[in-house]
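The structure appears below as structure tokens.
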């Protein structure tokens with residue numbers, strides 16, 4: 001018997017295989033999630049140099065374009081000179097990156113290490129000074145308000161007993177953490193992880209050079225594969241996603257980098273004028289955490305304020321006021337000038353993206369998930385607005401805030417009909433006095 005292929009049944013078979021594969025993937029995710037995550041982390045470790053190379057090349061592209069634009073004004077625009085311009089531009093980009101890293105290592109890292117050593121060395125003195133400062137303030141408050149002071153004293157006594165109980169409970173665990181062998185093991189593992197990351201980063205630099213040199217070729221190959229696999233309509237959709245993703249990520253990272261650099265420099269200058277302690281450490285902390293929109297300034301201000309509180313309690317209030325003014329300047333003047341409304345997310349969705357990315361990939365996940373979620377949110381919003389437009393309904397959220405239904409004829413909310421009062425209808429309905437026989 002000769003077997004004949006049928007395109008209709010082939011399509012059905014392909015859908016069956018696809019559904020079966022999706023079901024297997026869902027079962028693996030649900031019942032083998034930990035094992036799956038182990039394989040994912042192992043895969044990320046293997047391709048870490050490639051990932052670093054892609055990230056470095058992507059973030060270096062604007063700088064590469066800048067150098068090529070100005071080098072073409074000085075070098076003849078002949079085809080054979082394009083490669084020379086590209087090589088010089090890549091060399092300048094890598095030189096700036098390496099010099100920046102070397103400058104940070106030799107200028108900033110020793111100062112941070114010195115500040116951290118100073119903090120741990122003087123921590124007992126800081127705690128004693130803080131305790132004495134709070135005791136003096138509390139005693140003066142008790143003298144002015146004896147009745148309220150007595151109640152606070154009783155509350156502090158019960159709180160002290162609770163803290164002592166917690167200290168007795170967790171002190172063995174703390175001793176085990178501070179054990180000499182444990183500390184040595186933690187330091188060794190941290191140093192090993194740092195060396196592995198450094199090795200991956202160095203390999204990523206070489207990968208980024210190849211990617212930058214042939215970036216048009218790689219993009220053309222990706223475009224070629226997309227055209228080969230998908231229809232014209234799907235190709236347009238994929239390229240639209242890629243274009244919006246590229247714009248959102250590039251605008252966000254470049255804008256936030258410039259914004260955070262300016263905020264860090266302003267923080268360093270003003271704190272130096274105010275003669276605050278740990279100026280460089282606090283400025284770096286405030287600048288780095290400023291990369292996180294909305295919640296970043298709070299994350300950077302809390303540990304910085306604790307450092308000031310431990311070292312010089314009298315200047316804590318001045319520091320808090322300065323940080324509030326600095327962040328108001330950033331949020332209302334500097335940030336909108338540099339970034340505008342590139343994300344298009346409300347504070348709730350920014351918080352959601354930060355928590356989701358931080359839970360999965362730590363600090364880098366916090367930073368990367370914000371623009372990624374902004375892209376997904378934008379496409380979902382466009383899809384919803386498109387469906388509403390087809391139904392001739394308003395797309396603005398303000399039209400849906402009032403209770404009631406939105407109709408095509410009347411775009412304003414129409415109150416829903418209330419259910420009829422059956423009891424009232426029964427009372428108003430005339431009683432039929434005739435029996436079933438008609439008497």
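Cβ atoms here come from the backbone N, Cα and C positions, even for glycine.
Remember, TrEMBL labels are computer predictions, not curated facts.
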- [ ] If TrEMBL is the reference, give me the range from 317-335, 393-411, 412-430 marked as transmembrane segment.
- [x] 317-335
Task: seg_contact(the transmembrane segment (191-213), the transmembrane segment (46-67)) with at least 3 CB pairs under 8 angstroms, min sep 6 - done: yes
Open item on the list: With Cβ-Cβ distances below 8 Å as the criterion, list the same-chain residues six or more beyond the ends of the transmembrane segment (87-109) that contact it, or say none.
Closed with: 56, 60, 63-64, 67-68, 71, 205, 208-209, 212-213, 280, 284
Open item on the list: Cβ under 8 Å, sequence separation of at least 6 from the ends of the transmembrane segment (317-335): give me the contacting residues as numbers and ranges.
Closed with: 259, 262-263, 266-267, 270-271, 274, 276, 286, 290, 297, 301, 304-305, 308
Task: Among the ranges 46-67, 292-310, 347-380, the one whose Cβ pairs under 8 Å to the transmembrane segment (261-286) are most numerous - done: 292-310
Task: Annotated stretches the transmembrane segment (292-310) and the transmembrane segment (347-380) touching (3 or more Cβ pairs under 8 Å) - done: yes
